[in-house]
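Chemist: Once you've had a glance at the structure underneath, I'll fire off some questions.
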Amino acid sequence: MNLAIVGIKYNNTPIDIREKASFSTSQKINCGKYLTEKGIHEAIILSTCNRSEIYIASDDINSKIDIIIDFYKEFSNVDNIHDYIFVKKDIDAIFHVYNVSSGLDSMILCEDQILGQVKDAMAFSIQHKFSKKILNKLFREAITSAKKIKSELKISETPISMVYIAIKLLKENMGNLHGKKACIIGAGEIGRLALKHLINENLQEIFVANRTYDNVIDLLREFPKIKPVKYESKSKILEEVDIIITATAAPHTVIKHNELKYIKNELYIMDLALPRDVEKGVRKLKNIHLYDVDNFKNISDNNKIKREELSKIAKDIIESKVNEFVKWMQSLKVEFTIKELNNRCKDIGEEYLGYINRKISLSKRDEEILQKMLLGALKRVIKEPILNLKELKNEKEMSKYIESINKLFNF
C-alpha cells in the first residue's frame with residue numbers, strides 16, 4: 001500500500017481553472033464512489049477556496065494516479081489541466097498532509113482556517129466510508145501535530161485567515177469601518193468568521209443573507225445585532241451597503257452585473273468563494289471595488305516575518321512526526337508480509353495433510369499431531385528470515401526485502 005496526492009497547484013493556476021476543479025458536496029460523494037469503483041482503497045478529498053486535492057492510499061499507485069489525473073481532466077473540462085496538476089507520493093505526500101494541516105503550505109502562511117477544513121475533509125470521508133485505517137491515522141496525526149504547533153509556538157496569538165486579510169484590506173482602503181453598513185452572503189464557516197471580525201469594528205448595520213434562511217436565524221441567536229435578510233430580497237440590501245462579503249458554496253455566481261449596475265455609492269466587494277460568487281463584469285462597474293481570493297496573494301502582512309520564523313521551528317516538529325508515521329507505515333508492510341508468509345505455511349500444511357489423509361487412515365488425535373508438526377516445521381523455515389527482517393534498521397533496505405519477498409511469493 002502506498003500514498004499519493006494529486007491536486008491543482010493553487011499558487012500558479014488561474015482562478016478560472018481552479019474554480020472548475022473545486023468540488024461541491026455532491027461532487028465529492030460522486031468522486032469518492034468513482035475512485036472506490038476504480039480500485040482505490042482509500043481517498044480523502046480536500047476542496048477549499050484555494051485548494052483542490054485528492055489524497056489516496058492504494059496498491060499499484062502509479063496507475064491509480066493516472067486514474068485521478070484523467071478524472072480531473074473530465075471533471076474540470078479543461079484540456080490542458082495537466083499543466084496545473086501536481087503529484088506527490090509516499091514520504092513527500094506525508095509531509096504535504098502535515099504542512100497543509102499546519103498552514104505551512106497555504107497562500108497566507110500559517111492561516112487559521114485550513115485546520116478546520118482538513119478536519120472536515122477527514123470527517124466527510126469517514127462518514128461516507130471513503131477513508132480507512134491509513135489515511136484516517138495520517139490525517140489524525142497531522143491534525144494533532146498542527147494543534148501542537150499552534151499551541152507551542154503560540155501562532156494563535158497572531159490570528160490570520162483569508163477573512164482577516166479581507167477585513168485588513170477593507171480598513172486600508174476605507175479607513176475606520178465605524179458607522180459603515182455591510183452585507184454578508186453565506187452563513188457557513190467563512191461567513192460566520194467574517195461576521196465575528198465585522199462585529200468588532202462597530203459597523204452601523206450588518207445584514208446577513210443565505211439561501212437557507214433558518215441558518216441566518218441560527219446566527220441571529222448567537223449575534224443578536226445582525227439584520228437577517230431573505231435570500232430573494234438581497235438585491236435591495238446591496239444598494240444600501242458599503243461592504244459586501246460573499247462566501248457561499250454555490251456552484252454558480254450569486255451576485256449579477258445587473259444587480260449592481262445602478263449603484264452610485266462606493267462599494268467594496270470581497271468575494272471569498274470558489275467557484276466565485278460575483279460575475280466578472282462587476283469589476284468594470286464604476287465605484288465598485290471587487291476583490292477575489294487571488295487578490296490576497298500580493299497583500300503585505302505585518303505578521304509575515306514573525307510567522308515565517310515560527311514556520312522554521314514548526315518544520316522540525318513536523319519532520320519528527322513524519323518519521324514516526326513512516327515507521328508505522330513500514331511496520332504495516334512488515335506485518336502484512338509476515339501474515340502472508342504464515343498464511344502460506346498454513347495453506348501448504350493443510351494441503352499436504354489432506355494428501356496424507358487420502359493415503360493413510362489417521363485417527364483424529366494423529367491428524368491433530370501431524371497438523372501441528374507440519375505447521376511447526378514450515379514456520380521454522382521462515383522464522384529466521386522473519387526475525388532478520390524485523391531487525392533491519394535501514395528502512396530502504398527493509399522496503400527492498402519486503403518488496404522482493406512479496407514479489408517472489410506473489411503476495
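Here the Cβ of each residue, glycine as well, is placed from N, Cα and C on the backbone.
Quick paste from TrEMBL:
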- 6-152: domain 'Glutamyl-tRNA reductase N-terminal' (DOMAIN)
- T48, C49, N50, R51, S106, E111, D112, Q113, Q117: substrate binding site (BINDING)
- H96: site 'Important for activity' (SITE)
- 169-299: domain 'Quinate/shikimate 5-dehydrogenase/glutamyl-tRNA reductase' (DOMAIN)
- G186, A187, G188, E189, I190, G191: NADP(+) binding site (BINDING)
- 314-410: domain 'Tetrapyrrole biosynthesis glutamyl-tRNA reductase dimerisation' (DOMAIN)
Chemist: Let's check the environment of Q117 (substrate binding site): how many other CB atoms sit within 10 Å of its CB?
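Modeler: Within a 10 Å radius of the Cβ of Q117 (substrate binding site) lie 20 other Cβ atoms.
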Chemist: Would you list the other residues of this chain near substrate - those whose C-beta lies within 8 angstroms of the C-beta centroid of T48, C49, N50, R51, S106, E111, D112, Q113, Q117 - in sequence order?
Modeler: G103, M107, I108, I114, S161, M162
Chemist: If you average pLDDT over the domain 'Tetrapyrrole biosynthesis glutamyl-tRNA reductase dimerisation' (314-410), what do you get?
Modeler: 86
Chemist: Would you list, in sequence order, the residues of this chain other than G186, A187, G188, E189, I190, G191 that have their CB within 8 A of the centroid of the site's CB atoms, where the site is the one recorded for NADP(+)?
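Modeler: Apart from the listed residues, the neighbours are I184, R192, L193, A194, N210, A247, T248.
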Chemist: Is it possible to get the count of other C-beta atoms within 10 angstroms of the C-beta of G191 (NADP(+) binding site)?
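Modeler: Summing over all protein chains shown, G191 (NADP(+) binding site) has 25 other Cβ atoms within 10 Å.
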Chemist: For E189 (NADP(+) binding site), just count the other CB atoms lying within 10 A of its CB, please.
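Modeler: So the Cβ neighbour count for E189 (NADP(+) binding site) comes to 15.
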Chemist: Going by C-alpha distance, which of the recorded positions H96, G186, A187, E189, G191 is nearest to T48 (substrate binding site)?
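Modeler: Closest by Cα distance to T48 (substrate binding site) among the recorded positions H96, G186, A187, E189, G191: E189.
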Chemist: For G186 (NADP(+) binding site), list the number of other Cβ atoms lying within 10 Å of its Cβ atom.
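Modeler: For G186 (NADP(+) binding site), the 10 Å Cβ neighbour count is 24.
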Chemist: In sequence order, which residues at least six apart in the same chain have a CB under 8 Å from the CB of S106 (substrate binding site)?
Modeler: N50, V100, I114
Chemist: What are the DSSP helix, strand and coil residue counts for the domain 'Glutamyl-tRNA reductase N-terminal' (6-152)?
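Modeler: Counts, helix then strand then coil: 88 helix, 21 strand, 38 coil.
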Chemist: Going by Cα-Cα distance, which of the binding-site residues (G186, A187, G191) sits nearest to D112 (substrate binding site)?
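Modeler: Checked the binding-site residues G186, A187, G191; minimum Cα distance to D112 (substrate binding site) goes to G191.
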Chemist: How many neighbouring Cβ atoms, not counting its own, are there within 10 Å of the Cβ of T48 (substrate binding site)?
Modeler: 23
